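Visitor: Take a look at the following structure, please.
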Amino acid sequence: MLFLGSGELGKEVTIELMRLGAWVCAADSYAGAPAQQVAHEYRVLDMANADQLRALFDEIQPDIIVPEVEAIATSELAAAAARGAQVVPSAEIAAICMDRERLRVLAHEELGLPTTPYRFAGSLEELREGAQIVGYPCVVKPIMSSSGHGQSVVRSADAIDAAWTEAQEGRRAHDEGDVSRVIVEALAPLDYELTVLTVSSSAGIVTCAPIGQRQESGDYRESWQPATFTPDVLEQAQHIARTAVEGLVAKAQASGEKGWGVFGVELFVLTDGNVLFNEVSPRPHDTGMVTMASQRLSEFALHARAILGLPITQEHVALSIPEGTVAASHAIVVQGDGEAEFRNVAAALAEPGTDLRVFAKPEVHGHRRMAVALAVGGDEADARAKAGNVAESLDIAIV
């Protein structure tokens, strides 16, 4: 089994796969990445370089390829799938989910899922026209980017030029001179966001309890499960998540692939109670780290089992915490330049119902997510406070 991307999420999936007897090689753009520290072997390469990726496939001859990042030469994934390798969840799904245009067309125009009003643009003039149609304020994003890169909120026509420039500079790796298409969509009256982890396996498709979240500049900072919402919101969220994943899996199966794995379906809940589709991550989701404290099987264990063809039923995705309680996660982001040394860990974990996962990334340059605090509490506020206290109690030195 070959991992493309060896971050903290891949590390947890690698551990779960090895518990089930899988042999794992973890690849990334640098040595010492979290999953590389626990895998049987590792490789370092530019995964967006088709020649390097093809050479890696020829060397390893993987039975299963697990993309854990988006900056990958997807043409080589498709070629590997054509040669008989199992790409997780599929080469076709990976290509769709990294392209906002293809994903939005599938979700809204083919599957009929509700979304914000949107337009696509391949030039500054088209962006101006699209923004006029969807109205201000609006959001402009590159077709291909992640973690909020290249995204901006535009409140008037005067800011459109700057938004176009931001999108071009923040898009995924590209050749100099290329122009990236963008999506411009109406800024919805958002109440909150949800993630619905949805699992496709040999037994079909099941959904986990929705996860609440807090973000900063497009990056996950906190999550909690189960989130609090009305029965109507739950029904809408589960329907949208299941329909989106069913549509993606159908695309995979049409190309002869399996489509098995965990999907993080991102949803907007509006102030009027309506739920909109936003995006899908075809792999375990950042916000799903809370499942290490909340579920019988974490999103990582579910992903590993689904990949290997084991059946996942609703019983496998059940919460493991006492009824009425809530689990929370709190990302620990470190700023500086050098190696991070964690101190005061014993005091930070003194409160019952708390835990910590240190990712052991080699260095920090600027700011980087280096660990996550976990907690179980009597309600959402209690769980979030306990996880936050763990994060605040740590003494993290840059050495």
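The backbone N, Cα and C atoms fix where each Cβ goes, and this holds for glycine too.
Keep in mind the model is a prediction, meaning the values are calculated, not measured.
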Visitor: Hey, Swiss-Prot has N(1)-(5-phospho-beta-D-ribosyl)glycinamide bound by Glu8, Leu9, Glu68, Lys361, Arg368, Arg369. Any idea which of Asp158, Asp161, Asp272, Asp286 it lists too?
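Guide: Between Asp158, Asp161, Asp272, Asp286, Swiss-Prot records just one in the N(1)-(5-phospho-beta-D-ribosyl)glycinamide site with Glu8, Leu9, Glu68, Lys361, Arg368, Arg369, namely Asp286.
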Visitor: List which of the binding-site residues Glu68, Arg100, Glu193 have their Cα within 10 Å of the Cα of Glu266 (Mg(2+) binding site), in sequence order.
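Guide: Cα filter at 10 Å returns Glu193.
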Visitor: Please report how many Å separate the Cα atom of Arg369 (N(1)-(5-phospho-beta-D-ribosyl)glycinamide binding site) from that of Gly150 (ATP binding site), as a whole number.
Guide: 20
Visitor: Taking DSSP three-state, what's Lys361 (N(1)-(5-phospho-beta-D-ribosyl)glycinamide binding site) in: helix, strand or coil?
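Guide: Lys361 (N(1)-(5-phospho-beta-D-ribosyl)glycinamide binding site) sits in coil per DSSP, no helix or strand.
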Visitor: Restricting the comparison to the binding-site residues Leu9, Glu279, Asp286, Lys361, which residue's C-alpha is spatially nearest the C-alpha of Arg100 (ATP binding site)?
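Guide: Nearest listed residue in space: Glu279.
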Visitor: Taking just the CA atoms, what is the gap between Gly150 (ATP binding site) and Glu279 (Mg(2+) binding site) in Å?
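Guide: Each residue's Cα considered, Gly150 (ATP binding site) and Glu279 (Mg(2+) binding site) end up 16 Å apart.
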Visitor: Which ones in the same chain are close to Leu187 (ATP binding site), with CB under 8 Å and 6+ residues apart in sequence?
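Guide: Those within reach of Leu187 (ATP binding site), by Cβ under 8 Å and sequence separation of 6 or more, are Thr116, Pro137, Cys138, Val139, Val153.
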Visitor: What is the one among the binding-site residues Arg368, Arg369 whose Cβ has the most other Cβ atoms less than or equal to 10 Å away?
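Guide: Buried the deepest by this measure is Arg369.
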